[in-house]
Amino acid sequence: MNPYALSILLSSLAVGTITTLSSSHWFLAWVGLEINTLAMIPLMTKMHHPRSTESATKYLLTQATASALILFSTIMNAGATGEWTIITMNDNSSTFMLTVALAIKLGIAPFHLWLPDVMQGLSLTTCLILTTWQKLAPMSLMIMTSHQLNTNLLITMAVLSAVIGGWGGLNQTQIRKMMAYSSIAHLGWMTLVLSFSPNLTTLNLMIYLMLTSSMFLMMTTLNSTNINKLSTSWLKTPLLASSMMVTLMALGGLPPTSGFLPKWLILQEMTKQHLGAVSTLMAMSALLSLFFYLRLSYAISLTTAPNTSNSNMTWRMTHNQMQILPTMIMLTTMMLPITPTLLAMLN
């Protein structure tokens, strides 16, 4: 892609997200979401492949439906209350429609079906943008309106997302689809605690962004899109492969990695709210996700490809342009000891 066109598209993505984040008026927030969507479509179609065109079409249709629902719900709310500000969503039907629209935007179950198919047709860099940056604007709107959203609806969608996100990734061989189901499961955890503690949702979102970014940056460095390609990574870069294993364990929520922190705090908050059954179901669904993370770890470390070279020296990747990757890996693994500091910052 032309670097000038790429810079304009990335700038538009940034402007759209910042517009939504900084707005207090619904129309301005909707405009920011639209700028975001329109800037994302050309990035999706830059591969000039039928799969990428299909992905861009599916993405456009789902996001357009969600945007229309957002606009319709805010107009209904303005008609009922006379207010356009984001924090005054007092009409029940418009609040329900807004929750559904933002769930479609984010890919929360049961409105998740577009996300794995769209990600399968994209490049790894575009997948990184879709699973990280594109979550910021809709999730910020959910956090801003969290005190007015229907708690039972959010808990139902959260449990569905965690179960479907774990169940859907079990039989996959394509890593992009696995990361899509991983994203659905993590969004379920964020949605679960949204009504009770928006600060915990923000913390979970920050850690999810770090984990997913480091995972996609490592996949881009290794140029791996399926399990077969990933199985040769240990011979190329053992250090990066072992770092990917730790990142996968962090995505699964194992201590002492950073991924354990939000799950622990969310389960603690849910037991405080006397929702023991929901907490148990979420913890069990996390085991489903952990299974396919372990499957990937097994493919990286224990499934060594046959080395047919006559030389004793195995080929190594010499150039690493991902200067930010070591920092991301450190944040993925080392944030658990500073839990009190993070909580104090959010409160």
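Note that Cβ sites are derived from N, Cα and C of the backbone, with glycine treated the same way.
According to TrEMBL, the protein has these features:
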DOMAIN    23-288  domain 'NADH:quinone oxidoreductase/Mrp antiporter transmembrane'
DOMAIN    290-342  domain 'NADH dehydrogenase subunit 2 C-terminal'
TRANSMEM  56-76  transmembrane segment
TRANSMEM  96-115  transmembrane segment
TRANSMEM  149-167  transmembrane segment
TRANSMEM  179-197  transmembrane segment
TRANSMEM  203-222  transmembrane segment
TRANSMEM  234-254  transmembrane segment
TRANSMEM  274-294  transmembrane segment
TRANSMEM  324-346  transmembrane segment
Query raised in the report: Any chance the transmembrane segment (274-294) and the transmembrane segment (149-167) have 3 or more Cβ pairs under 8 A, given the pairs are 6 or more apart in sequence?
Result: yes
Query raised in the report: Does the transmembrane segment (96-115) reach the transmembrane segment (234-254), going by 3 or more CB pairs under 8 Å (6 or more apart in sequence)?
Result: no
Query raised in the report: Looking only at residues six or more beyond either end of the transmembrane segment (179-197), which have a C-beta under 8 A from one in the stretch?
Result: 103, 106-109, 112, 115-116, 118-120, 127, 131, 135, 139, 142-143, 146-147, 149, 151, 154-155, 157-166, 168-169, 172, 204-205, 208, 212, 215-216, 251, 262-263, 266, 269-270, 273, 278, 282, 285-286, 289, 292-293
Query raised in the report: Is the transmembrane segment (203-222) packed against any residues at least 6 beyond its ends, judged by a Cβ distance under 8 Å, and which are they?
Result: 124-125, 127-128, 131-132, 135-136, 139, 175, 179, 182-183, 186, 189-190, 193, 229-230, 233, 236-237, 240-241, 243-244, 247-248, 250-251, 258-259, 261-262, 265-266, 317, 320, 322, 324-325, 328-329, 331-332, 335, 342-343, 346
Query - Cβ-based contact of the transmembrane segment (234-254) with the transmembrane segment (149-167), 3 or more pairs under 8 Å - result: no
